[in-house]
Amino acid sequence: MLHIFVQISKFLLILLILLYTFECFAAFRVEARELRHSVYIRQRVLMYFIHALAFAVLYFTTMNTQMIGIYVLQCFLITAILALYHIFYKEANQIILNNMCMLLIIGFIILTRLSYSKSLKQFFFCLAGLFICVIIPIIMQSVSIFRNLSWIYAIVGVLGLASVTILGRVEYGAKLSLSFGSFSIQPSEFVKILFVFFLASRLYDKKDFKNLLLTGICAAVFMLFLVAAKDLGGAFLYYTTFVIMIYVATERFLYLLGGGGLLAVAAFAGYHIFSHVQVRVLAWLNPLSVYEKEGYQVSQSLFGIGTGGWFGLGLNQGLPNKIPIVEKDFVFAAISEELGGIFALCVIFICLSVFFMFMNIAIKMRDDFYKLIAIGLATIYALQVFLTIGGTIKFIPSTGVTLPLISYGGSSLLSTFIFFGIIQGLYVRNMTEEEKGTTDLDEKKTKRK
């Protein structure tokens, strides 16, 4: 009987996530406010159903009452996020808000399946993120000096990365975090936000070669510290963001072309200099040939994805824990194995929906400074999704980058909350300015009459 319930539930979960994903893109086509509101309501109903059904399966397959407790806590958190946004930011972008909550729920489901203790820690990280969700948009709306702090962003950012290079703990061949007893923090997750603000503040009004050169030198310092810490995935993330923002600011294709060429040279050099990069490339090219050692992680990931097929094995029916650090870099493989390839594809499309909405907001920003911030954050978000999923499915070598809002990790989670908070703040700010402009125009017309 339990087996039948698990099998039925996996198809229901696929149906629900398909409906949710459809609504993500339906919202782009709907212009009437009332119709869009109905899309948002349907999305929220679907996400609550997905959450409840998944945890029903987790409970009945383990008969562990802790599943009920953590489910209630997670429901409280998601409801609190939605309620607080409704109270403080009625004009917030509802698609971004819903997708943030949906990705959090998917992360909660798969992390609880993989490790109850890590899922509980992730919940407490999210509680801290709840404060960020509320305060960041307010700051983005009310504070207007961000564009004048370029060198503060640079100094604080470089010091943060330097601290890891000098004092950081080595993990999987790279220095990624600072440890304080049982607590650790990954500064590069937060510095990338400062990096975007630094570039935006340097590029929004000065596009001459001298300024670009100085900005490029400063950006190179950020990346050199990442390379020194052997965090090449992070260096790639920063570099690509730099090239994209330079291109958007100047609208010169030559910079984009030159940036791509330099990236190819850097990748070639990185392969020959760093042994752990050679290991990852070897595991990527032919993981089965080095299955017992270098290729074990990628091989297990591919086995899991293949075993799950389109419809998955069902929650608690697979062996995702055989994949090393599955809850971080390879969480997408766990989703594919137990929830299925269709569910995993929907996760990709939800992430695409987030990226499209980020870019849509960026395009509509009239202030170049805020436009560049939105584009920079959108670029980092898209790159993180691409690098994580690409490494999991053997499309590219594994980089150690995590899947935003889904993978386990406090620094990654909190920095992503800041991303979403900044974007929401920019969206609300732009909406307020548009409404004010419309009101002023109406007043002028009235006076003329």
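Each residue's number is its place along the chain shown, starting with 1.
Note: Cβ is positioned from N, Cα and C throughout, glycine not excepted.
TrEMBL has this to say about the protein:
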TRANSMEM  44-62  transmembrane segment
TRANSMEM  68-88  transmembrane segment
TRANSMEM  95-116  transmembrane segment
TRANSMEM  122-139  transmembrane segment
TRANSMEM  151-170  transmembrane segment
TRANSMEM  176-200  transmembrane segment
TRANSMEM  212-229  transmembrane segment
TRANSMEM  235-250  transmembrane segment
TRANSMEM  255-274  transmembrane segment
TRANSMEM  339-360  transmembrane segment
TRANSMEM  372-393  transmembrane segment
TRANSMEM  405-428  transmembrane segment
Go through the chain and flag residues at least 6 beyond the ends of the transmembrane segment (255-274) whose CB is under 8 A from any CB in it; none is fine as an answer. 173, 227, 230, 232, 236, 239-240, 242-244, 246-247, 281
Can you work out which residues elsewhere in the same chain, 6+ from the ends of the transmembrane segment (405-428), have a Cβ less than 8 Å from its Cβ atoms? 85, 89, 91-93, 96-97, 100, 103-104, 106-107, 110-111, 115, 118, 121-122, 125-126, 128-129, 132-133, 135-141, 177, 185-187, 189-190, 192-193, 327-329, 331-332, 335, 347, 358, 361, 365, 370, 373-374, 377, 380-381, 388
Could you check whether the transmembrane segment (122-139) packs against the transmembrane segment (68-88) - three or more CB pairs closer than 8 Å, residues at least 6 apart in sequence? yes
Is the transmembrane segment (44-62) in contact with the transmembrane segment (372-393), using three or more Cβ pairs under 8 angstroms as the rule and ignoring pairs under 6 apart in sequence? no
